[in-house]
Amino acid sequence: MEDILDLLVTIQRLDDDIKEAESTIQEIPHKITKSEKAIEEAHNNFQEKSNRVKEIKKMYKIKEGDIAENESKITKLNSQTFSVKTNEEYRAIIAEIDYLKKENEKIEDEMMVLLEEEEQLKSAVSELEEETKNIVESKQNEIKNLEKEHEELMTKQQQAKISFDEHFKKLPQDTQEVYRRISNVRDRVVCVITDTTCTGCYANLTFQFLNELKKRNKILLCGNCGRILIFVPSTK
Ligand SMILES: [Zn+2]
């Protein structure tokens, strides 16, 4: 009987190992997804800022073109003033020139605003580039470690499962039945008792029951939760 009780303790320990590995294994894909998202966000954030710099450069060029176009219109209009026939025509040309000059002033102001934004963004982008690199590097490391951990846990769990089956087979048929029946309703089947409470449900054990447990000559179940209780002397 001693052998069976020790075997049950070992089996429970293996079952604990399998379940513990399982819960960690299940968490890993979420953790990987989270790291991947952080990488994506860092990339997007950097991309957004550097795209804006490119956009500003493009807009700046367009505005330079607009100014040049207006300048050449002004030059052309200026030359026309020499050949006008009427005052009315002359005034119209002057008004057009004034309008174009004001337009160019407006465009120049807009260009100043763009330059300022570009200036600010440029330093932010170079800082962000470094920051992004660091985030990506550390998150990629995290992912690598998680994948390694996953692989190791799968191996460890597989070994625990094989060992569990090997040990389980050694149990007498009726004990196997009891174990299976309890494992259908409880997360753990075997509770090691070292003092006066059930370590599964924390119910107090009677003095008489405890004495029976200490004899270690049969399989006893907790009267409250139904788990297999096994007394293990604390020196063991
Ligand atoms: Zn109990």
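Backbone N, Cα and C define each Cβ position, glycine as well.
According to TrEMBL, the protein has these features:
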COILED    4-59  coiled coil
COILED    90-163  coiled coil
DOMAIN    197-229  domain 'C4-type zinc ribbon'
Within the domain 'C4-type zinc ribbon' (197-229) only, compute the mean pLDDT. 95
Secondary structure of the domain 'C4-type zinc ribbon' (197-229) by DSSP, residue by residue, totals 9 helix, 6 strand, 18 coil
